[in-house]
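The next block holds one structure in the form of structure tokens; read it before the comments.
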Amino acid sequence: MEARATIGGRVRTHLPEDGGPPVELGAQVVHGDANPVWEVLGGRGPVSAYRRSAARAVVADRLVDMGALARGNPPWLLEARLLRPDAAGTGGTGSTGSTGSTGSTGSSVERWLDAAGIVQQERRIAEEWFRQNWAADPGLLDVRGLAAAARRAAQAGTDQFDVPGGMISIVERLAEGLEIRTGEPVAQLDFSPGRVTAHLVGGGTPVVARTALVTVPPSVVLTGGLRIPGLPPGKLAAARRLPLGDACCAVVTLSDPAPESVVVFDSDGRSGFARCVRDRPEVLLVGKASAAAGIRAGAAGPIGPMVARLFPWAAGSRIRGTEVADWGAEPWSAGGFTYPSVGGAGAPGRWAEPIADTLFFAGEATVGGPASVQGAMSSGAEAAGLMAKAVGR
């Protein structure tokens with residue numbers, strides 16, 4: 001049962017009217033040339049997503065080549081240092097303690113940056129880099145959690161790829177042969193061993209089943225978007241350690257095509273990452289953490305100045321259309337994706353634990369890695385196997 005009017009969850013693909021390349025408003029790319037997603041699609045994408053793009057950054061309201069950040073301590077190298085196993089052990093911040101069932105108290109990226117010995121501007125840029133790559137402020141991000149997530153991501157191989165036909169094509173392939181009821185959000189799940197009753201938001205006849213699989217983010221359960229009375233205290237404690245970072249994306253279609261393919265990182269914290277593709281009129285804005293609010297505000301008013309600040313060639317273009325995916329405001333997601341929070345070690349596994357062979361849990365929050373389509377897929381496949389065993393199939 002899908003609460004939204006369409007399938008896909010946090011996958012949302014913009015398909016241009018002229019048949020041009022898809023633009024992603026949710027999950028952006030497939031990570032890794034060895035990703036199991038390629039088995040679903042029957043072959044990987046023809047080219048990497050960003051290999052043919054120029055890279056630029058906004059620094060103190062100036063648009064500069066990304067190479068300008070390479071002097072001193074560029075944010076991507078600081079991130080690489082932090083993600084090394086030796087750095088993740090202490091990060092220069094001392095040992096970690098224990099919180100019991102949800103794992104280590106952890107040490108924050110903010111404290112790691114304190115010990116890195118970098119100048120103020122490098123620090124400011126690095127903080128925004130972490131916000132846009134991990135969807136949370138450095139003070140909320142756990143060093144060990146980030147390093148563990150990066151190691152898991154590396155198992156999928158290297159590079160990042162666009163998906164021919166868009167990310168929605170993965171969802172459509174996985175949905176083949178399944179009965180999916182869209183536009184029917186569940187308000188409450190009541191459960192007892194061997195029986196689950198789903199009460200719909202719009203009322204009507206409840207749906208009764210032997211088992212159920214919950215894939216909404218834990219925060220949706222905590223805030224009452226999906227009520228599940230009787231969850232064990234340990235399950236709720238794990239949910240509180242699995243917050244989602246804010247996210248808002250927008251595709252702006254202009255009257256003129258881009259003269260080149262460019263990716264822009266807004267280190268000033270207003271627009272996140274932005275992208276345009278040569279000879280295409282679409283500009284994609286992807287803001288996480290505090291930058292999500294910037295895109296949200298821009299989309300609510302004239303968005304042209306925000307686009308022109310990142311892409312000067314667009315200053316004279318007319319806006320022909322804007323499509324927004326405000327994940328932070330959407331009740332069924334309440335954010336972009338789960339980030340490795342300080343003190344959250346062990347929480348993904350605890351949230352994934354079935355209850356009485358009746359209630360099962362899946363989704364990117366159960367994986368403990370960076371949010372990814374393959375993570376959500378693998379968690380769903382594992383849960384499906386457990387459910388089949390529970391019902392004797």
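Quick reminder: no glycine exception, Cβ is built from N, Cα and C everywhere.
A TrEMBL annotation is a machine prediction, not a hand-curated record.
The annotation region 'Disordered' is assigned in TrEMBL to 1-21 (among others). In terms of DSSP helix, strand and coil, the region 'Disordered' (1-21) has 0 helix, 3 strand, 18 coil.
The average pLDDT the prediction assigns to the domain 'Amine oxidase' (2-386) is 90. What TrEMBL lists as domain 'Amine oxidase' is 2-386.
Taken from TrEMBL, the feature region 'Disordered' applies to 87-108 (among others).
What TrEMBL lists as compositional bias 'Low complexity' is 98-108.
Sequence-distant neighbours of the region 'Disordered' (1-21) (same chain, 6+ residues past either end, Cβ-Cβ under 8 Å): 27, 162, 166-172, 175, 180-186, 198, 201, 207, 215, 251, 253, 277, 280, 282, 323, 325, 327, 331-333, 336-337, 373, 376.
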